[in-house]
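Engineer: To start, I am sharing the structure in question, which I have written as structure tokens.
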Amino acid sequence: MDITEYIKLVFTDYTLRTITLGTAILGAVTGMLGSFAVLRKQSLLGDAISHAALPGIAIAFLITGAKDSNTLLIGALISGLIGTFWIRGIVTKTHLKSDTALGLILSLFFGFGMLLLTFIQKQPNANQAGLDKYLFGQAATLVESDVWLMAIVTGICLIVMLTFWKEFKILLFDADYTQTLGFNTKFIDILITTFIVLAIVLGLQTVGVVLMSAMLLAPAAAARQWTNSLSVMVFLAAIFGAFSGVFGTAISASQNNLSTGPVIVLVAGVFVIFSFIFSPSRGLLFKQIRFIKNRRDLELHKTLAFMHHIAETHEDISHPHAIKLLNNFQGYTRSTLQKLVDKDYVELNGNMWSLTKTGFETAANLYTKQSTEDE
Amino acid sequence: MSNAQIEIQLIASIVAVACAIPGTFLVLRKMAMISDAISHSILPGIVIGFFVTQDLNSPLLILLAALTGIITVVLVEYIQKTGLVKEDTAIGLVFPAMFSIGVILIAKNANDIHLDVDAVLLGELAFAPFDRLLIAGTDVGPKSLWVVGTILLITITLLILFFKELKISTFDKGLAASLGFSPAIIHYGLMSVASVTTVGSFDAVGAILVVALMIAPAAAAYLLTTDLKKMLALAIGFGIFSAIFGYWVAHWLDASIAGSITTVLGLVFLLVYLFAPLKGVIAVMYREKQQRTEVSLLTFLLHLKNHDELEERHVNHLREHINWQKVRAKTVLDLAKKTI
């Protein structure tokens, strides 16, 4: 299947269109809210919440006996929130650290959810099949109403985020200052957390409990590399998230036996790796290049200082010396010498070099600067 | 109790002990989430190991999968060292990616391997007694019993041999390094043990229960004691209790054993969290309330010292002056009467 054909199919085929739209919206909203989670150092909260949502789904099913995705999601939301606030209770009330609290809630709630799921499976109710799609998610089960729900929640998120933008931002970077300014930090905090839980719960049906945390983190972590501004980061994260959704769906649709959730996560992972390496200011590649450049500069200066050292002993500073003299000196290479010539510090004449006047002065200044710094 | 039931409980208890030991150190070292990361990211290792060996209990598979766990730890540390993201983000990025690779590997080769992602995550303890180990034709017990038993033996040996080193490096890294113990070796040693334990237990109890068995008993024990040896003993005790009690709950409900053991663990933790004598929520709240009353008493005494007029000393006056509610004023007054 080539690309144009696929794009045409996205617009005509109902299922594919729904899934593509759904994953794109999901990616956007999780990317957006994930930025806050990452910056608040709550990256793993997403993982804990998504696992903690499982018993809620099972209990909602046990109570209503119906598989309506909206009721199940409300159950997931409630149990996700209970999990979140219990984590907070453990961290504030006891001396257990947040990682322990997260791991506890994650595994305990998930185990309880599994107990309920297996219990449900043994019940004589034909309706129960398919509950386990919430474990790994099944994008293929998305229908138009699900996409509408996602779109509406995303809209609400966007409105709330724009209204409370200033408060969110200030709480993010300086919580104590926010409190002294008289903002109700608890309320803002709960608001952000609730929306993060909401975004996670929305994604459960599509990518599932286990992989949801990556949807939250990966776009935000990728976006963080490109900017230092919160608004740009949130915007970029939303775009990365949406594209991971679209590409992931495309790849999994074009192959057999590929579930959508893991592919979306891997696509988001590729975004992260790309950002880690190629981001201009923070990326590993440019950092390495800067590092090498700095080292070259240092070597250049060392060579120049060494030449100055030799030239000092002669009356005529431009007295030529053999290149061999530099051999036992590590900073020297052909290219550094050539660079010095380019900068007009040194003149080359066959196998001999001599310092120019500018070169001598620069080297002398280099030396004095160093010596004053040393003192 | 039938033979199979005893074997299941034995396996569950051994797994609980094998998990509680590294779990205690993970909780103390604030690395509890690493166990979650390892438990997810061993999936590709298990799948690849299964391609090679075709046997879920083969030692080679366990080693391969444990290696994936260690690779995860190294990757997380590498990403963290670049300074691009925080440690928790690094964990959150690595393990879902590894897990996705595992899921895709399984899905792509669904016809060739009898591996189910559900089984890896949840395990099926009920089937463990059916897979017997035969040595020279004689039945010597379930395979997974031997696997987790060996792992437990190794863990206990290492614990006894390196207890001092582990203790020092857990509580004071700097001191350990200055005494000449390499923190890196101990760190990776612990990680290897955690990986091997996770892999060895996943097939019996599933990846998520491994996390629960590592963290929950240790966390509950941590709320009860500040002594490392006592904490280890308590964690092991909680683990075994939950394993056996959880089995019977599952038996009664006819549901997943792993799920019910986790639920029992959750209840144990909840009880300890609420009622621990010194660090439980109720104890903390009671202590806070007492401290508040004591401060109030001091305020009241100061108030008495500063005002000599009779009207200032009326109980109702306290309400307007220090802004106390009637009940509160009464408690403080009673206390004051008692102490004087």
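Quick reminder: no glycine exception, Cβ is built from N, Cα and C everywhere.
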Engineer: TrEMBL lists transmembrane segment for one of the ranges B:37-54, B:289-306; which is that range?
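Structural biologist: Residues B:37-54 are the ones TrEMBL records as transmembrane segment.
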Engineer: Please indicate, using numbers and ranges, the residues of the same chain that are 6 or more beyond the transmembrane segment (B:60-78) and have a C-beta under 8 Å from a C-beta there.
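Structural biologist: Contacts of the transmembrane segment (B:60-78) (Cβ under 8 Å, skipping residues fewer than 6 from its ends): 34, 37-38, 41-46, 48-50, 52-53, 87, 90-91, 94-95, 98, 147, 188, 191-192, 194-196, 198-200.
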Engineer: Please identify the stretch among B:37-54, B:144-163, B:204-224, B:231-250, B:256-276 with the greatest number of Cβ pairs below 8 Å relative to the transmembrane segment (B:90-107).
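Structural biologist: Ranking B:37-54, B:144-163, B:204-224, B:231-250, B:256-276 by Cβ pairs under 8 Å to the transmembrane segment (B:90-107) puts B:37-54 first.
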Engineer: Is it the case that the transmembrane segment (B:231-250) and the transmembrane segment (B:144-163) have 3 or more CB pairs under 8 Å, with pairs at least 6 apart in sequence?
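Structural biologist: No, these stretches are not in contact.
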Engineer: What stretch in B:144-163, B:204-224, B:256-276 has the biggest tally of Cβ pairs under 8 Å against the transmembrane segment (B:6-28)?
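Structural biologist: Selected stretch: B:204-224, with the most Cβ pairs under 8 Å.
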Engineer: Which sequence positions outside the transmembrane segment (B:204-224), separated from its termini by at least 6 residues, show Cβ-Cβ distances below 8 Å to it?
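Structural biologist: The answer is 11-12, 15-16, 19-20, 22-24, 26-28, 32, 35-36, 39-40, 42-43, 119-125, 128, 144, 148, 194, 197-198, 230-232, 234-239, 242-243, 257-259, 261-262, 265-266, 268-269, 272-273, 276-277, 279-280.
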